[in-house]
Amino acid sequence: MLEKTTLKNIILIHFLMFLAVVTAQTAPDEDTSAITRCTAEGTNPVRETDIPNPVNVGTIDDRSCYANYKESTVYGKTWGVYNITFDSNDFDTSLQPRIERSLSRSSETGIGSYARLTGVFRILEVGDTSGTSQDGTYLAQAKGKHTGGGGSPDPAICLYLAKPVYGTGEDADKQVSFDIYAERILYRGGEGDGREIVFLKNVKKDEETNFELEVGFKEDPNDVSKKIQYCNAVIGGDTFNWNIPEPERGTESGIRYGAYRVKGGRAQIRWANTTYQKVENVEVTNPGPIGDVYKLKNVATGQYLSDSGVSASAVIMSDSGEAQNNYWTFVESGSLFNIDNETFGILRAPGAGGPGGAYVVVSTTKEGPSSDGDKVWTIHYNESNDTYRFESGSSGRFMYQEINGNVTHISAMNTDDRSVWKAIAVESLSVDENAILASDVRVFPNPASDSFTISLKTINHVTVNIYDVLGNTIFKSEFNGDTIQIRNKGQFKAGVYLIQLTDKNNNKYHKKLIVK
């Protein structure tokens, strides 16, 4: 009798153990129904369909017609439920299905700016294509736009991809764990071969895994004049830090999470205890070489940037920086600058079909300030060696002296000295030597026609010389007083002229005049 009872107990224990194994393989909130493309419940008129007061942070982006976002309470937590199936994208049908939450982006690039997500995830199932490279589902992604074009208009920087690992024996057809990979760009806008996939770690099915993702900007420890854009993750206590390529092109830091991509089968991901924080620090930059007149010397060649003196013609380089057409000022235009020649107009940075050739920088007769997109520049200052790089707008292209002497604006690393310039103040015009200040002199109207007036604010005795672009003296006179009116009696033809004012201490100031 005892033997029979013992045998029954053994059988019962084995049966209970078997049930425990089955239960462990199926999560309490797992969807075990047949996989279909769409359901009536999951089909919505808009992507923003959500429940009131969801426990997960962020704005829903539901592009799946299989199921809606809902919530479950298991293991002492309330979980956001993200279920998607193959081909269930009812919006933007060329893209992959997803139910994700988008978090407001950190839109500043100053050191200390970041976006940070924390939470806990469980993975129950991911997309399966029978072991191909298309296996898996993204559970989170770092986002961020950049200057200079290339790739998607809203590119992913690093995606965290879960690929299925199948069991053995009776579990050979069951996903029992998941390999987590980082799919990250090799360069800005990288897609396809422009990305690498790096294994991070394995997590078990239905295992509660702590997750933290921070994307932001910090100081480069090797060069305090530069910064790093980073994407750092902590998954289940393991840290995976990565620096994003071309940090100078990054314009923001963002995060999305949920369930995204299923090229076969179904994906089920759960998120709980999500929090989000962002910090936005405005980038502090050198205001640029303003308030004086400069010669711009290319670091690689030692030559000086010169204006051609002809509108829509390519600028040139010269061995000497002493001619008037080598003198430049920087005119503020909002947060950007115009680069203004003392004898002609502001520089233009055309595109591939520019009048001087593809991306060749050309002269204009236009006065600054101008907000025209092809006439504004971002000034990048390197404090460590007192040099500048001039970026056309926010394009990621920099003023560059080519080997053939042409001056273009192209994508170039900051280590390429052909894109690096010295701004050398013209000594005779130095404010430190009591030169006439720019704010002390006005010329109006400018452009002029029949006459123009020179107004002097703090001085009352000057010699006025007016030159044409060839250096010929067109007008010369001495004046006492604070206002000088000059009539055009035919000596000023249509074109650009340089006004030179010299005070009694031999300080000089140059002002440009345009005659229509």
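Heads up, residue numbers simply count up from 1 along the chain you see.
Cβ atoms here come from the backbone N, Cα and C positions, even for glycine.
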From the candidates TYR114, TYR138, TYR327, give the one listed by Swiss-Prot for the same substrate site as GLU191, GLY192, ASP193, GLY194, ARG195, TYR260, ARG261, VAL262, LYS263. TYR138
Say you check the Cα of ASN68 (Ca(2+) binding site) against those of the recorded positions GLN141, TYR260, VAL262; which is nearest? TYR260
Reported in the order helix, strand, coil, what are the DSSP residue counts of the region 'Ulvan-binding domain' (289-429)? 9 helix, 53 strand, 79 coil
Alpha-carbon distance [GLY194 (substrate binding site); ASN44 (Ca(2+) binding site)] in Å: 35
If you draw a 10 Å sphere on the Cβ of ASN44 (Ca(2+) binding site), how many other Cβ atoms land inside? 16
Let me know the DSSP-derived helix, strand or coil state of GLN141 (site 'Neutralizes the sugar carboxylate group at subsite +1'), please. strand
